[in-house]
Amino acid sequence: MPSSISWGLLLLAALSCLGPGSLAQDAQETEASKQDQEHPASHRIAPHLAEFALSLYRVLARQSNTTNIFFSPVSIATALAMLSLGTKGDTHTQILEGLDFNLTEMAEADIHQGFQHLLQTLNRPNTQLQLTSGNGLFIHQNLKLLDKFLEDVKSLYHSEAFPTNFTNMEEARQQINSYVEKGTQGKIVELVKELDSDTVLALVNYIFFKGKWLKPFNEEHTREEDFHVDEATTVRVPMMNREGRFHLHHCSTLASWVLQMDYLGNATAIFLLPDEGKMQHLEDTVSTEILSKFLKNRQTTRVSLYFPKVSISGTYALKTVLSSLGITKVFSNAADLSGVTEEAPLIVSKALHKAVLDIDEEGTEAAGATVGGITFMSRPKEVIFDRPFLVVIYEHHTKSPLFVGKVVNPTQQ
C-alpha cells in the first residue's frame with residue numbers, strides 16, 4: 001500500500017471596501033512596472049492561468065448552480081506546478097496539461113520561471129495593498145526527500161520546509177493549521193479537519209489579499225434591500241449605493257453589465273451582472289479574450305450603482321474537480337512521484353482548497369475621512385446588483401487572475 005501526500009491548498013481574499021476610480025500610479029508602482037517589463041516571465045504564463053481559471057470555474061458551476069463559488073486559480077495552479085517538480089511520466093504531463101500548458105510550445109523551465117516571478121511580484125511590499133502568498137512543505141521527520149526536489153521548490157516557489165511528526169496526527173494537523181492561520185492573519189482556521197493515517201507529506205499554499213477601494217461607498221447610504229437568489233428565493237442584504245462615473249458598460253455578447261472597480265494599488269475587480277435569465281449564457285460565453293479586452297478598453301458611464309455587501313467562502317475537495325480536467329494519475333496507485341523521494345511510492349490522497357471573500361463600504365482599515373459621492377442635477381441611470389453575478393480579481397503587474405467566483409447568495413457563508 002503506497003504512502004500518501006495529503007496536499008492542502010489555502011487562500012484568503014479579504015476584500016474590504018468597494019469604490020470606483022483609476023489606479024494611483026505612485027513611484028513604487030512605476031518601479032514595479034519597470035521590473036515587470038524587464039522580467040515578463042509571469043506574463044507568459046498568465047494566459048494559461050486565465051484559461052485554467054475558466055475551465056475550473058465551469059467544472060464547479062456544473063456541480064451546482066445554487067451555491068456560491070469562490071476560489072483562487074493562482075493558488076491552486078501554484079501548488080500543482082510545485083508538485084509537478086517531483087512527478088514523472090504521465091503523472092507529470094497530466095498536471096501541466098491540466099494547467100493549460102503545452103510543452104511543445106513552452107519549455108518547462110519557462111513555466112516554473114513564470115511562477116517564480118509571479119510569486120516574487122505578489123510578495124512585493126506595497127503600502128496600499130496587502131497581498132502575500134506562501135508555500136509550506138510539511139515533511140515526515142523520517143522521510144528523506146530528494147535534494148533536487150527540495151532545492152527546486154525552495155528556489156522557484158519560495159517554499160518553507162517544516163519537519164513534522166505525522167505519527168501524531170493531531171499534532172501535525174495543528175502545526176499545518178497554525179501555519180495557515182498565521183499566513184492569513186487569522187482569516188482561515190482549521191483548514192485541515194483530519195489527516196489520513198498514512199500521510200507523510202503535506203503541501204500547503206495560501207494567498208492573503210486585503211484591498212481598499214479608491215473611493216469607498218458612504219456607509220450612510222447603505223440600506224437593507226432584496227437580493228433575488230433565484231425565482232423562488234429572496235434574501236435581505238445591506239445594499240450599498242453610490243452615484244458617480246464608473247468603468248461600466250453593457251456587453252451584448254455576454255448579455256451582461258460589466259463593472260470594473262480598481263483597488264488602491266495594483267489590482268482590479270471585474271463584476272459581470274447577467275441580464276435576467278442569462279446566467280447560463282454568460283457562463284458559456286465568457287472567455288479569456290473577452291475579459292482581456294475589458295481590461296484594456298474601459299468605458300466610463302454615469303450611473304447610480306447599487307451593490308450588495310458580500311461575505312462568502314468556498315471550500316473544495318479538489319480531487320474530483322481536477323480529475324474533470326484530466327489530472328487523475330496523481331491521485332491513483334499509478335502515480336509517479338519518484339522525483340520527490342525514492343523511499344516509497346507516493347500518491348496524493350487529498351487536495352483541499354478554501355477561499356474567503358468579504359466586500360463592504362469602507363474596508364477594515366479605512367481612514368476616518370469620508371469621501372463624498374458626485375451629485376448630479378438629474379438622476380442618473382440605475383444599475384442594481386440584486387441577482388447572482390460573477391467576479392474576477394486581477395493583479396495588474398502579472399496580468400494574472402487571483403480569484404474567480406460567483407455570488408449567488410451574498411449572505412451565505
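Glycine is no exception: its Cβ is also placed from the backbone N, Cα and C atoms.
Feature annotations, reproduced from Swiss-Prot:
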type     : residues : note
CARBOHYD : N65      : N-linked glycosylation site
CARBOHYD : N102     : N-linked glycosylation site
CARBOHYD : N165     : N-linked glycosylation site
CARBOHYD : N266     : N-linked glycosylation site
MOD_RES  : Q25      : pyrrolidone carboxylic acid
REGION   : 368-387  : region 'RCL'
SIGNAL   : 1-24     : signal peptide
*If you draw a 10 Å sphere on the Cβ of N266 (N-linked glycosylation site), how many other Cβ atoms land inside?*
26
*Please determine which of the glycosylation sites listed here (N65, N102, N165) has the lowest count of neighbouring CB atoms within 10 Å.*
N102
*What mean pLDDT does the predicted model reach across the region 'RCL' (368-387)?*
58
*asked:* What whole-number Å value do you get for the CA-CA distance of N165 (N-linked glycosylation site) and N102 (N-linked glycosylation site)?
replied: 38
*Take the C-alpha atoms of N266 (N-linked glycosylation site) and N65 (N-linked glycosylation site) and report the distance between them in angstrom, rounded.*
32
